């Protein structure tokens, strides 16, 4: 039976089964479906990845706007321009100079534009030769320890790493630096030389501006000779037209809703009400003042110890970093400008760039009130530059005031002398000028266009995050001085900080916008490495953090190297700041030696430099025999230079080297980060 059933079954299979079974069909459908989705999904992803660089940008701009903004060549061609002025600026001065050059280009039949290299594809420089009689000018500042400014970093690296053919590019460079610093105008000099190496043609020799002397004079003198070279190179003549063309136009914003009006924010509207990490130069953190106490024991000067609360901000800092503080101008000066110009400071306005192709639509956050602009955005306490004198001429109704302004705006020896004496020596700001030239009544919106941006102030952090992870400490001297015209000028930031005194816990604590700027001023990686710290006055600030960090390591049981501190002030009983702290560090062994110089406690003045010369053996033992590190913080103009000379002398004598060998030895220390300076002028 089984056999017959088996045969029957076999017979049934043979006669009834189709060529393709249902199972085969199902499998086939599944395979086709999978293949279909795999193919089209892959194609979609491929298409998406190909489009990604053009459709997804790291900003709020559309892809078309991004492409347009990055191609300065397209802007030049589409607007019939032949002059582009790039700026590398950290404080706004280089940007201001760039704007003045671009504006003057019209007098030489060269329509110009200002460009931020960070927002441009600098590889397009190779295409400048396609524009007839074109010229690229670079106003470049050197920042920190011979570094490019933040917005010029990418361009600098492109020049270093690339080998573009820049033949046909005509260029000129003006550098902004400070002779008290070792790396004077280093970035501008490099860019000038590198452009020539890549085949570009230098139309005019590099200009080197010295901010320690009179950078305005340096710039004006270079600019005049620049245009002479430009006329000669291109065979053109000056048109002679000198009209004050406005870069921005006034827009009445009286109907703008209150919630759309800026009230002091640096970039993002309502950023102080809705704080968002990360915090940086355009998005500072509104920090509470936790501590504000006087450090001087007596005398008529003031030095403040201030602690910024950063708890919950996610901000992190390293010992040796700087903190940037955003100040605001005094209401007294702001009100004075409104009074002198008979202006409504609470009127809401905006300034809109007349150049539609410019990426910079406003000179500062707009719309806002005039009071906000003068308080938070504009520098009304510094000495105005000559171009402001020139722009004020048309607003002077008294011929005498007109002539005085014309003289100071001119480049004649008499004009330069008058500007130096009346503006720089007498230390006049815009308020003083309006007071002393009463017939000068500029439109307030034009004045807002002319004045430079109010800049944040940087302070060396005087604490260690190992000890104070939730706060940042600074040490700041209150700046107040009487000018030759018997006016009292006050430091914008320090006088504001002096008013921010913490109250009891029941009341809101005073706040101020800050952010952290990274520094290369660092302790050695190994805690056993011996160090020498030279910091008179508030130059002690970063070393307080250094000592705290080493003390923390010692308490953890780690071995720490010798720490030698040179500190100086006027009088022990007046301005010996952090005296108790320092003596305690000496007592517990963290601070190996504390050398003190009180300049006015004896008939002959005594400074830290005198002590350094006396302790030549100790200096050489640490930096020569033990390969230790040496740090200097404070005044760059005299103290830091004197220290450098003494170190070279010690290396010569104790290391038995020639002057040339000693200089090379110290230079090598600097390259190895064994000799570091955090100085200011």
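Note: Cβ is positioned from N, Cα and C throughout, glycine not excepted.
Unlike curated entries, TrEMBL annotations are predicted automatically.
So that you can see what the record holds, here are the features copied from TrEMBL:
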type     : residues                                                        : note
BINDING  : 89-94, 141-144, 176-185, 211                                    : FMN binding site
BINDING  : 301, 538, 599, 600, 605, 606, 607, 608, 609, 642                : NADP(+) binding site
BINDING  : 457, 458, 459, 460, 475, 476, 477, 481, 491, 492, 493, 494, 680 : FAD binding site
DOMAIN   : 83-227                                                          : domain 'Flavodoxin-like'
DOMAIN   : 282-524                                                         : domain 'FAD-binding FR-type'
TRANSMEM : 20-39                                                           : transmembrane segment
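Distribution of TrEMBL features across the structure.
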{"residue": "89", "record": "FMN binding site", "CB count, 10 Å": "21"}
{"residue": "92", "record": "FMN binding site", "CB count, 10 Å": "15"}
{"residue": "178", "record": "FMN binding site", "CB count, 10 Å": "21"}
{"residue": "301", "record": "NADP(+) binding site", "CB count, 10 Å": "13"}
{"residue": "459", "record": "FAD binding site", "CB count, 10 Å": "24"}
{"residue": "475", "record": "FAD binding site", "CB count, 10 Å": "23"}
{"residue": "599", "record": "NADP(+) binding site", "CB count, 10 Å": "16"}
{"residue": "605", "record": "NADP(+) binding site", "CB count, 10 Å": "12"}
{"residue": "607", "record": "NADP(+) binding site", "CB count, 10 Å": "16"}
{"residue": "680", "record": "FAD binding site", "CB count, 10 Å": "16"}
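For the binding-site residues 181, 184, the largest tally of other C-beta atoms within 10 A is found at 181.
Mean per-residue pLDDT, taken over the domain 'Flavodoxin-like' (83-227), amounts to 94.
A simple way to gauge crowding: the CB of residue 144 (FMN binding site) has 17 other CB atoms within 10 angstroms, across all the protein chains here. Cα of residue 477 (FAD binding site) to Cα of residue 609 (NADP(+) binding site): a span of 22 Å.
Long-range Cβ contacts of residue 609 (NADP(+) binding site) within its own chain (separation 6+, distance under 8 Å): 639, 642, 643, 646. Of all the binding-site residues in the list 301, 457, 491, 493, 680, the shortest Cα-Cα distance to residue 92 (FMN binding site) is found for 457. For the domain 'Flavodoxin-like' (83-227), the number of residues in each DSSP class (helix H, G, I; strand E, B; coil) is 65 helix, 35 strand, 45 coil. Using Cα positions, the member of the binding-site residues 141, 144, 178, 181, 184 nearest to residue 459 (FAD binding site) is identified as 144. By a simple count of nearby Cβ atoms, those within 10 Å, the most crowded of the binding-site residues 141, 477, 491, 493 is 141.
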